[in-house]
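Annotation source TrEMBL lists domain 'Dihydrodipicolinate reductase N-terminal' at B:2-105. Residues or ranges marked as NAD(+) binding site by TrEMBL: B:8, B:9, B:10, B:11, B:12, B:13, B:75, B:76, B:77, B:102, B:103, B:104, B:105. Under the heading NADP(+) binding site, TrEMBL lists B:32. Feature annotation from TrEMBL assigns domain 'Dihydrodipicolinate reductase C-terminal' to B:108-243. Sequence annotations record features per position, and here TrEMBL assigns active site, proton donor/acceptor to B:132. Residues annotated as (S)-2,3,4,5-tetrahydrodipicolinate binding site in TrEMBL: B:133, B:142, B:143. Residues or ranges marked as active site, proton donor by TrEMBL: B:136.
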């Protein structure tokens, strides 16, 4: 039985996490910690903390977890270099504690990224299309940027030439955004949630890898997997892919 | 039995057309006319001409067909206003002759365009993604531009508001090109031929219409359909959709 | 201002309908009628009733609406011949009243069906793939069967030959179910809601029409469209497609 | 410079292979060997043989290559146990020679299979859809069967439960064929070539991996990759996936 405290328990992701922990036979929910609650008191008796807060102050929260010897599974994004340094400093005194920072806990999104980077070494062309609801403020999505960057790094390392493109006459924007040399297209459509597609092409063939997130419940298998494994993964880890 | 002359018979589309006419039980190929051949002699005995030449001089060719009383099914693109006027003038003296100018004879492409324009009146959001081989010079494709224009016109007429879009922070090009207010994204990938997708979204639902052209043989059913019907469609018609 | 009573207001579809009516500026919710409530009292002052009950007794409910001069927009499925006859009998004395029976109010699903039947006349091959969550008891879905039947009818009427199929060695079930000569494949996958795809193929080309239902809110635009139009559509109508 | 003999050079795959070898700067085509030609003479001076014959007698051809110290990259399918034993026997005396038997050289198809087996360990549901031209005699395709078998083996090994399925009322065939507990659906459509899709679902998410073969040229990158690597891979290897 692993005892789990959820920090940011009043938010939508926090609530979903509490439900998932309570529904898991091998986990027990030791505390629901909100923004006004006493963090130290809340962490009492917890082995793992799941952090689903906003970005502000998250570095102090995670450093406190480490100091208390509580492993931290963190879904909060927007980390700064200074924030990361604070967590590293805390870990220096508690090297047996694990911290996982993961921008996307959906197993499918993590696998898509890994498969795309692997496949991109073997294909002449690669582009990314991401599709989201029209209330989203940024384009491309953080996940799509991250995917394109990983694809670009894998191709660089394998010595693959840039994707061919003979376009000479284009309307502005037609060919998408350029992320490290990889074209990324952002579709915004009412009714959608979060979707990403990597298109790879070679002579006479195409490989397509697509991930659809229909509901934030899709993050829960990844969160629980991390909760169960983190005791065996001391130190700072960035990205759920390292746990699979 | 309809007697058919093919003009531009030595090109790839022309050859494919000749093969298709010869394979059709109800059609007979009366002449294969190349760029150096005598047009008037070639049109002798033909009821319908299929014109698959380059853009240069095509207006004179079609006007000559009309003057000879030969219906013209035309796949050549890049028409100018002056060229169209020349054909109209010829038709004024021969109102019983039919001329069809069609940029895309693939039945699926024509149906996609019609369905997209119809559906776009009923959905809050609509975007277009087109995907082609990386040797293509223009982006978006002519067919995708035409599709977006027809979608925009249908929405204007029906009084539909622009597609919602809360994007405030975007990389250049991420949200695609703007064609009459409709976002169009152009993917270029080795291995592809010509593909187009219209994505429509409303609360809780998505409708997707996609057309794939794998081979120029896909144009033949549309060409033959036009050859069979053109005698009953006098005057100038633009777009195969009017024949379906 | 159209005054609307919702019958079956306590169910999930009924609640969603009440919310949608209340949110519409041109509609007013006159009554939420549950299974134990007095129907005649509830219909007082209503111009349109939206019926979202279970199948049992729905024919009496709709007949009562008609007798009271209240138009009925009906989402309940599972109608019998006897039930339809009862409604027809009521309409005989009130020919000015409208009744709409619609198994699927999602605009996209209705458009998919119409487009598929239209396109199926022009393509050599057509098959249907439907994808749902794994808790669904029937395969294929009612909507997919209905789609296949409409496709089959359109092809019969247009004199189109059966889809070609040279299969001689197949594992049981590989080629799907046969619905009026159209192959239908049912995928069941955790995470999905309700999705349908019609695939049409001809020489060198493919046309794909796909509808995704992510949420029952997708039915609301179709329900409200029907509420607004039904006063102008007297008599019994089956299928929202007749309203578009 | 690697010297390459092509056996079965007159067939469609053989011709395409000859063209690809001639176009590669680091390879030289030493012989085109047809069915009536002298095999021993043809293998003179070759370092690698690419075998693209029919199944009959292929075991003797490959054994001869091995005896002559020529590595063999083999696309021929339909191997028997006896044929494999013959090749193994030849390799016993020439352990430094490499033989690769690969049913599918398309890199995308090989990657799809590997990714699908990996992902299938992490998702509750998995099904396979394959789509081909309607002249194909078998359903499901050999590649789809092989994919389903690899998925099933990976799930068994990881202790994953069977995909959930509450279907109680189904038309015959609706739920596809059962290959080792994995559902496989076969679509046949005019215009298609060879396409395969693996659909994986978990709570709130879907992962889709799709491969499209548009042209047999898609096999060439895999063939050339094998030709370049085989000298470093002595012994019998089955499946191009071991080379990636």
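Here the Cβ of each residue, glycine as well, is placed from N, Cα and C on the backbone.
All annotation found in TrEMBL is predicted automatically rather than curated by experts.
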- request: Look at the binding-site residues B:77, B:143 and tell me which residue has the greatest number of other C-beta atoms within 10 angstroms of its C-beta.
  value: B:143
Field: Which of B:12, B:132, the listed recorded positions, has fewest other Cβ atoms within 10 Å
entry: B:12
B:32, B:132, B:133, B:136, B:142, B:143 screened against residue B:10 (NAD(+) binding site), Cα within 10 Å - retained recorded positions: B:32
- prompt: Of all the binding-site residues given, B:75, B:103, B:142, which residue's CB has the most CB neighbours within 10 A?
  reply: B:75
Field: Local backbone state of the residue listed as 'active site, proton donor/acceptor', from DSSP in three classes
entry: strand
Statement: Given the binding-site residues B:32, B:105, the candidate whose Cβ has the fewest other Cβ atoms within 10 Å is B:32
- line: Residues near residue B:133 ((S)-2,3,4,5-tetrahydrodipicolinate binding site) by Cβ (under 8 Å) yet at least 6 apart in sequence within the same chain, in sequence order, are B:188, B:189, B:190, B:191, B:192, B:193, B:194
Statement: After the CB under 8 A filter against chain A, the remaining recorded positions out of B:12, B:32, B:77, B:103, B:105, B:136 are B:136
Message: Please report the three-state DSSP label of residue B:8 (NAD(+) binding site).
response: coil
Query: Cα of residue B:142 ((S)-2,3,4,5-tetrahydrodipicolinate binding site) to Cα of residue B:132 (active site, proton donor/acceptor): how many Å, rounded?
result: 12
Message: Under DSSP, is residue B:142 ((S)-2,3,4,5-tetrahydrodipicolinate binding site) part of a helix or a strand, or is it coil?
response: helix
Statement: Whole-number Å distance separating the Cα atoms of residue B:12 (NAD(+) binding site) and residue B:32 (NADP(+) binding site) is 13
Residues flanking the (S)-2,3,4,5-tetrahydrodipicolinate site, with Cβ no more than 8 Å from the Cβ centroid of B:133, B:142, B:143 and excluding those residues themselves: B:130, B:132, B:136, B:138, B:141, B:144, B:194, B:196
Task: Please work out the helix, strand and coil residue numbers for the domain 'Dihydrodipicolinate reductase C-terminal' (B:108-243) from the DSSP assignment.
output: 50 helix, 44 strand, 42 coil
